[in-house]
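Per TrEMBL, the features are as follows:
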type    : residues                          : note
BINDING : 13-18, 36-51, D220, E386, 402-403 : FAD binding site
BINDING : H241, T253, H352, R397            : substrate binding site
DOMAIN  : 8-403                             : domain 'FAD-dependent oxidoreductase 2 FAD-binding'
MOD_RES : H44                               : tele-8alpha-FAD histidine
Amino acid sequence: MIAKRTFDAVIVGGGGAGLRAALQMARADLKVAVLSKVFPTRSHTVSAQGGITAALGNVSEDDWHWHMYDTVKGSDYLGDQDAIEFMCRNAASAVYELEHMGLPFSRLANGKIYQRQFGGQSKHFGGEQAVRTCAAADRTGHALLHTLYQRNIAARTQFFEEFFALDLVRDAEGYVLGVVALEIESGEPMLFESRVTLLATGGGARIFRHSTNAHINSGDGLGMVLRAGLPLEDMEFWQFHPTGIPEVGSLITEGVRGEGGYLLNKDNEKFMVRYAPNAKDLASRDVVSRAIAQEILAGRGCGPHGDYVLLKIDHIGADKIKERLPGIRELSMQFAGVDPCEAPIPVTPTAHYMMGGIPTNLRGQVVAPERYGPEEAVPGLYAVGECACVSVHGANRLGGNSLLDLVVFGRAAGDHAIEYLRENPFPRALPGDSVAASLARLARWERPTGTERVPQLRAEMQRILQEHCGVYRRADLLEAGIAKLGGVEARLADAYVEDRSKVFNTARLEALELENLLPVARATLVSALARTESRGAHSREDYPARDDDRWLRHTLYTRAADQLDYKPVRLKPLTVETFQPQERTY
Ligand SMILES: Cc1cc2nc3c(=O)[nH]c(=O)nc-3n(C[C@H](O)[C@H](O)[C@H](O)COP(=O)(O)OP(=O)(O)OC[C@H]3O[C@@H](n4cnc5c(N)ncnc54)[C@H](O)[C@@H]3O)c2cc1C
């Protein structure tokens, strides 16, 4: 038997979502553990730049209901309207709460929280551009994550940093009773027993070759959920951010366009006017990414290979750039060799955000259809943040809505888990074989020889997803992608890790991550092939129109024989009227 620790709640993930949920439970005097494979403040949340959206009305008149309208429209009507109402209604209180915890927001001259323009945000249900995204310069995620970390330390949350979670532990009745994890320093496995397990493992855009995501964003929580026989929702929807630095992938925040920047093609034309006559450069991200892809395809891209466009911002003045966008200036000088105070930044659409994920309800409980009847919660299991799909982002997320999602649903999940723990005061018996599968998976990487190498297989997977499942998709491309991915999956059986030492064995961690990335990649391709329409970030060349009659529904993917199931979009909000699906123009 391996070492065991027991907690009321175990949270896998020390990003914004995990820390907000942990804080709620720790403040209720529960025994809370947070596991993170990196030091918590190195989670990807730290790199969020542009801000967190809430209708505070500090700069222009505003209303949470307008924010809700924009989010529903931005989602291309695939977002669940009850969840969207819940998020937008609770946005202001969630942001003020962060302010009171000490988050150092940028300030207006009158002392109120600074807000900037972001894409897809409007006043009066589709009117003028709204100014709604609250920011701490261009380091909002950094400020948010450090604030939440400090609050958790004060609330005595117990941190297990550099612990890699391997698998969920479930009993025969389907209750989740904790996780098996690997202590990275010693290489020893450990069982974390808990009545509540909350996954907050973040995104998985590392399935793509060009991505704004950290290397650690390998969809581990999604792999764990699939291995436990549970489904993933809407995995065909990945957001390509319009402005990543070519080849490197570093993100140039939408806040640059929010502060007055605009895109140019090689003819020096402000081409967004042709694609989104009203919102122009601040149309939503799927629209801008497609526009850039079209310009490049039409031969109007810049550079020797014509494979990027330019983002100009120098006209707002060096002082303003240094004050509002200091991190962006640094990134573009370091990675693109350009000082944006003087010259435009080369940019290209880059994989950025996973709209799909682990299906949950408004309280963060993971829901699964088949075993417990329609939409029943899996007892003891929660998911929050980018790994989860509530679904507030639907087919396309608006900028600034992810940080908001983390804190609103992190708090809601924490509150519900407190209730659940009260109703389930005693631990259930652990099944006899609770760690066997994980230990077998670990032992598999002990074998001394093989013919395949992990980095090679990962690179091939990333190339397949990039080429076969990018901004534009087509049946023949997706089918070929699935066939090629099958080849990579088959070769995994012959892969080995040369370094078999126990202490800080990062090669072994990469192998374990690949075991999560591959099923996420497969879920993406299979779900994308099945959806024969274009909606939000999922653009099918062979099915260019949105098809509400057939496809106003969520995809559910389970691993057994690539099984797909569907569930309806929740069009009914909590208290207000439904926003009926309409044609989406900007
Ligand atoms: C460059 C960039 C800029 C962005 N800017 C914005 C923005 O301005 N506004 C906005 O709203 N959104 C933005 N986003 C999106 C947003 O930042 C993310 O969606 C969000 O921060 C994800 O938070 P999270 O808590 O879900 O996950 P993360 O912050 O990614 O944290 C995941 C955690 O899970 C842990 N973990 C993962 N796997 C394991 C495992 N197997 N075992 C143990 N621990 C594990 C990690 O160690 C980490 O602690 C940006 C994203 C990127 C990439």
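The backbone N, Cα and C atoms fix where each Cβ goes, glycine too.
TrEMBL labels come from automatic prediction, so no person has curated them.
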According to DSSP, which of helix, strand or coil covers the residue listed as 'tele-8alpha-FAD histidine'?
helix
Starting from the substrate site formed by H241, T253, H352, R397, give every other residue of that chain whose CB sits within 8 Å of the mean position of their CB atoms, in sequence order.
T212, Q239, L251, E254, R285, Y353, G399
Show which residues of the chain containing T253 (substrate binding site), separated from it by at least 6 in sequence, have their CB under 8 Å from its CB.
Q49, G50, D138, T243, L325, I328, G399
Going by C-alpha distance, which of the binding-site residues H241, H352, R397 is nearest to V46 (FAD binding site)?
H352
In terms of DSSP three-state secondary structure, what is the assignment for S402 (FAD binding site)?
helix
So the record assigns H241, T253, H352, R397 to substrate. If I measure every Cα pair among those residues, what is the longest distance in angstrom, as a whole number?
14
Highest Cβ count within 10 Å among the recorded positions R42, H44, R397: which residue is it?
R397
Give the distance between the Cα atoms of R42 (FAD binding site) and H241 (substrate binding site), rounded to the nearest whole Å.
22
Checking proximity to ligand 1 here: which recorded positions out of G13, A17, V38, R42, H44, V46 have their Cβ closer than 6 Å to it?
G13, A17, V38, H44
How many Å lie between the Cα of S402 (FAD binding site) and the Cα of the residue listed as 'tele-8alpha-FAD histidine'?
12
